[in-house]
Amino acid sequence: MPFTMTEGGFGVGDYVAFGLLCTASCAGGVWYSAIGSRSKAVVDIRDYLLGGKAMSTFPVAMSLIASYVSGVTILGTPAEIYNYGSQYWLVIVGVTLSCIVVASIYLPVFCTLRLSSSYEYLELRFNRHVRAVASILFLLDEVLFLPMVVYVPALAFNQLTGFNVFAVGGVMVAICGLYTVLGGLRAVVWTDSVQTGVMFIGVVLVAAAGTIAVGGFRTVLNVTSESGRLDLSNWSFSPYERQSGWGVVFGGFLYWTCFNSVNQTMVQRYISLPSKKEAVSALAIFCTGAILAISLCVWCGLAAWTAWVSGGCLSGGEPPVDDRLLPAFVTYVSRVQHLPGLAGVFLAGVFGAGLSSLSAVLNACALVAVEDIMHGWLRLQLKPLTEGILARTVTATLALASLLMLIVIEKLGGVLGVATALSAIAASSTCGMFTLGMVCWWVGPRGAVAGAVAGAVVAGTVTFGTQAAAARGLRAPPLDYAMQCTNGTSQQMALLDPQLVFPLFRVSYHWIAPLGLAATLSVGAAVGWLLDAPRSVPLDAELFTPAVWALLPAAAHERKGASRRRARDDAPAPSSPLMLAQLDKVETNGETSR
């Protein structure tokens, strides 16, 4: 049976499988929101947003994976492999290195200070205005990222079933918003754990059944090897190569270091654990899970390529293909292998990944709005009940905004590129600010702000420039497949001559975050050295990573812990219960949850 990329359809078995798995994955969060919060530790604003800082390691690790692996990853990675080969798979090396750096450089600082928000560090190290800059940048980034998380699984459902994208997106937002608004971090983490499991089940089944459908493991290796899609030998230093070994490893390492190290979505989960040991364990589980998820998605792309070539390279499946590849391949596999329900299981996995990413971002945004903007920058201290309502209102508002933004994405497809651009800007410049604070003891507020502006300008200019060039027709041609497909199905692409595009606007997307990070660090370090007065830099060893303690002035070691003690003394009194009914204090690990 040939594979043509036009496959689709949803049977009764698919609806049953999808309904059962989605119900199971969301039931825990809804139950916790409606019932569990009355008997567990969700009794004040910090408990709502941080889970009492007494969460268990494994659920938090699953939630970390959920924050990383969204529907964009599941649908986008196979298409990338199908078009450009397996070189992208080397990003797992960058992810591994990223986790090592996060555990040794950034995590010790956050776990020692025990902050409520990662951006609170910037106020201790610099001032509250620097904290506000990073917080607002994060919120703007996530506002445009949220609709993308909703749009991808809704579009997949639309392609398989024909249901309206907005109706599907509305159901997603309603379910996710309900348990996120009411249950807080605990509901999010426990639901993420189940949804991550459903996601892995779906992808594993597709990879296994797809391999069998196309002839087995050796067939996939032979067919993809003949077309060069298993070739990992391109280690060109050229930044214009879409996928090269150095670009994928180095660029992936820096991008995911930026995301895993200081992004509030990730840090919120690290500090919800009781100690650094548990945080490192959760990070190790996350690293393993991310590598497994990426590898499974890569294999699905290779299996889909094998199906197309083995079926005679019919028109419709020739590269380059878009994100419709995997849903079409799943339908193809279910028909070849006579597996009713496979498409339903797969779609439940995509939905689970989307819901978990959506809930993670919503909860993180609520924390940033309350802790960083209201408390940290505006210095507002409202009644505990009012703060709780405000946090839930922020979550509900963002959930609704993500649904409304689907209209913009459908009418103006370029918004997806804009969202990607802002993601690169926020990741590189924010990570640069934290790195300057933790490593460069001579840098003060002026250096931090100057570096962030420089990084944002560089990353923004390159990203918007590459998007504009892509809109004009600049495309990286897919790998050649003429030796395997001689029936004349090669797709003719009208490509823009790269020589007509400014060189900086031709670089691969892997190099955008490194460019922004390099600009932030170099400009920030130089400005800090020249313009920041020594008195503007708090010399406290706990504000710096242990890797540079040996280089710090003696005064930093003498004042070790001063910033943490001052922050504790300045903290407001513990919040009263958010619920209208009086709740007894809950003992967690021998301490009353705050």
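Quick reminder: no glycine exception, Cβ is built from N, Cα and C everywhere.
Whatever TrEMBL says is automated annotation, not expert-curated.
Given the ranges 244-262, 548-566, the record in TrEMBL names 244-262 as transmembrane segment. Touching of the transmembrane segment (389-409) and the transmembrane segment (132-157) is concluded from the presence of at least three CB pairs under 8 A, sequence neighbours closer than 6 excluded. Note on the transmembrane segment (244-262): residues 68, 87-88, 90-91, 93-95, 97-99, 101-102, 105-106, 118, 232-238, 283, 424, 427-428, 430-431, 434, 508-511, 513-514, 517 of its chain, located 6 or more positions outside it, place their CB under 8 angstroms from a CB of the stretch. Contact count against the transmembrane segment (342-369) (Cβ pairs under 8 Å) is highest for 132-157, out of 88-111, 132-157, 449-470. Distant neighbours of the transmembrane segment (88-111): 77, 80-81, 118, 121, 232, 243, 245, 248-257, 260-262, 267, 270-271, 275-276, 279-280, 283-284, 286-287, 290-291, 294-295, 298, 434, 438-439, 542-547; these residues of the same chain sit at least 6 beyond its ends, with a Cβ under 8 Å from one of its Cβ atoms.
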